[in-house]
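Visitor: One structure, pasted below without further comment.
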């Protein structure tokens, strides 16, 4: 039973804790016995202050709740939501059975929608979100600065060893000390380099006010624009519908200063950005965000994606005249739609139809295969697990690499009318 419930990701936090302890404390043990250059008092205090800051920030990045969407939250503009749904901008999570605020995504690990989700970090076993992002940034900062300082101390001792390499061995450190120094240098250097690159990338994203997922969405949008140019500005969606693809500016880049302030909890106090015990952002925030006004404020992000539009709803085989005359038919149909939607969401329902990759569909259409367009757009091969949701950016990442539930982001059983979604929400 224990083996079945074990997941290797459960070792992430213990591994990081052991790594921090190894670098922070066994290094001091090495310095203590290194007679050629023992640890000075000011070096001792700096090392331990950095270690405390790293521990505090890492603990908070691991334990602070990444946030939840209030059960009673609904979009402020329902009329605009109707237009968004019609244009492929539906913000309804079929996993949570709730509306998704801007910048929220469904995390497959946390199993809920996360406000302003950046990614699910395996090393903290927690989502980096609107509420945990400041703690995550401070952890990266103090880890890079602390290990950078440790690197200078290790390099100083390594230089002493190298300078005395021609002296008799009994005049220098023992074999155990040399091995310890070598391991410390290698582990600290590699870890520092990896975290330094991650910190630079995170600072860049912070300055632009883009999450990791949104950077992926921006690159995806640019890819769709290139595809659409080949087809006169349009791409085909499910059922053969034509979707207009036009360039849309990222709406949340509001200036470097405002971007950094918003990402670090909303405070304009620069010192609080570096304070390990700084307060978590107010829990009432994270549902609405300031926009730059470059686009129509009613346009949502991400832009329309033909491969993220729900399948067109199936029509009942009954004439419009009979349907209009029979009110009970409408009530029964609505109840049946709600029940079918609930069954599909909670018990698996109908299997998800995955759209084939764009290039596969393009080649099939070009070759004029005998299948109809609606049939050839979707794959029935259960062994083909990667449809268009398997699209990767230039770095080889797809949405699931950031912890996002791809099925919840890309597919739905059918295009459920907004009225039915609202009624289903009230019945919960």
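Cβ coordinates are placed from backbone N, Cα and C, and glycine is handled just like the others.
As the structure is a computational prediction, the values presented were derived from the model and not from experiment.
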Visitor: Tell me whether residue 102 and residue 171 fall on the same side of the membrane, as recorded in Swiss-Prot.
Guide: no
Visitor: Cβ under 8 Å, sequence separation of at least 6 from the ends of the topological domain 'Lumenal' (156-177): give me the contacting residues as numbers and ranges.
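Guide: Long-range Cβ neighbours of the topological domain 'Lumenal' (156-177): 30-31, 33-37, 185.
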Visitor: Below 8 angstroms Cβ to Cβ, which residues of this chain, lying six or more residues outside the topological domain 'Lumenal' (32-43), approach it?
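Guide: For the topological domain 'Lumenal' (32-43), the list is 153, 156-157, 160-161, 164, 172-173, 177.
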